[in-house]
Amino acid sequence: MTVLTTHQLSELSVEGLRAYVAEQLERSRARTVQLTDAVDTDDLVKQHSKLMSPLVWDYAHIGNQEELWLVRDVGGREPLRQDIDELYDAFMHPRADRPTLPLLGPSETRAYVVEVRDKVLDVLDHVKFDAGRALVDNAFAFGMIVQHEQQHDETMLATHQLRAGVPVLDAPPPPAGRRLAAPEVLVPGGVFEMGTSVEPWALDNERPAHAVQVAPYVIDTVPVSNGDYLRFVLGGGYDDPQWWSEDGWAHVQKASLVAPRFWELADGEWWRLRFGHREPLPLDEPVMHVCFYEAEAYAKWAGKRLPTEEEWEFAARFDPETGRTRRFPWGDENPGPQHANLGQRHLRPAPVGGYPAGASPLGVEQLIGDVWEWTSSDFRPYPGFRAFPYDEYSLVFFGTDYKVLRGGSFGTDEVVARGTFRNWDYPIRRQIFAGFRCARAPRPEELRS
Ligand SMILES: [Fe+2]
């Protein structure tokens, strides 16, 4: 059983809903254990990059959030370890400072998260889903905690990418790419329903559903590939201020950027590093580990721009034949392995054209999975937004500091990668599994045809 819609959840018996929640909790924990068991004690406690927490911090933080929300709040039980709340509060300590804290060691951490989980399963056995609390309606708090763990699992995967040393992760390759019929798709525009009021485990920033008008535009069929991006690099794109915004140019100078992160030029050849492996740059794979400013500069160089978040979601969810907004590009069914590269099933994005079955009705591909896609939009609340269950989930991040990313990556779990899911990050960040695609205004003759 995979991710359920509100309708499917409401059809479940109480026992069915309990079993579903338990299965989702178990699935996320199995991944956390895999990512943390893969490295030795030294690699668990050390900081692999100033941008990231030590893996052992993420691990105990996952357990602490689970304790706060499910044991104490939903369950009304006594705290297990109130003394450590402050250590694992993401708002109290920036990532760079976390290694200096008196954190739980690896074995203490493992024992703590197991103890929390035991209590949570007991809470789950006794919880009344129909008690009239929004937090437990459709098991929302459990869904929030499952997603929280899965999101930290993606963050931990990014830490693995930054870790030096012998490779410790392995996965089969994604499907092969294919030649596309057309590099771009004309999207006719129109009014569509953006966001959601019905996905049971959607987070506050995805709500409520609201009508949005989108003007016609042209969007890339697939994400920009390494081969495309290499032409920008070789064409002197990083040395020419005309392609960069003022902030972008200042950043590229200050940070001395010359190519995407994890690219390496050696003996006249481009290589890339991936979870400890060094390989020739795969030209047909979506470019990854570029910041928002690099995406923006490439788009300008290509005579295009980044899509807005509205344009991205319109391309991903609108079905022009029925006028209806779908859950996913391919329809309403949950993502299967044929639709999208999700869930760390493959530890890399698929070459472009690898997921024809995941295409939207208009023929836009690889919107879900593979790489997060930078949009040109700031992270803003939708009209009618209500902070839930707390301001620190989304509200405190709204404004002009963060850019929105959409679609999820190969590292994102399907319980997170909804068609409505919104990610946000600083425009300088490159350690996330992010790429982009371009958009542009249609030419008059394209609109006539
Ligand atoms: Fe967190």
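In case you wondered, yes, glycine gets a Cβ from its N, Cα and C as well.
Given the structure is predicted, the values throughout are model-derived calculations rather than measurements.
Noted in TrEMBL for the protein shown:
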- His61, His148, His152: Fe cation binding site (BINDING)
- Arg95, Ala96, Asp97, Arg98, Asp425, Arg429: gamma-L-glutamyl-L-cysteine binding site (BINDING)
- 24-156: domain 'DinB-like' (DOMAIN)
- 184-440: domain 'Sulfatase-modifying factor enzyme-like' (DOMAIN)
- 325-346: region 'Disordered' (REGION)
Binding-site residues near Asp425 (gamma-L-glutamyl-L-cysteine binding site) (Cα-Cα within 10 Å), from His61, His148, His152: none
Gamma-L-glutamyl-L-cysteine site span - longest C-alpha distance across Arg95, Ala96, Asp97, Arg98, Asp425, Arg429, in Å: 20
From His61, His148, His152: binding-site residues whose CA lies within 10 A of Arg98 (gamma-L-glutamyl-L-cysteine binding site): none
Rounded distance in angstrom between the Cα atoms of Ala96 (gamma-L-glutamyl-L-cysteine binding site) and His61 (Fe cation binding site): 15
Sparsest-packed of the listed binding-site residues (Asp97, Asp425) - C-beta count within 10 angstroms: Asp97
Top Cα neighbour of Asp97 (gamma-L-glutamyl-L-cysteine binding site) in the set of binding-site residues His61, His148, His152: His61
Separation of alpha carbons, His148 (Fe cation binding site) and Arg95 (gamma-L-glutamyl-L-cysteine binding site) (Å): 17
Any further residue of that chain within 8 Å (Cβ to the Cβ centroid of His61, His148, His152) of the recorded Fe cation site: Asp58, Ile62, Gln65, Glu149, Gln151, Thr155
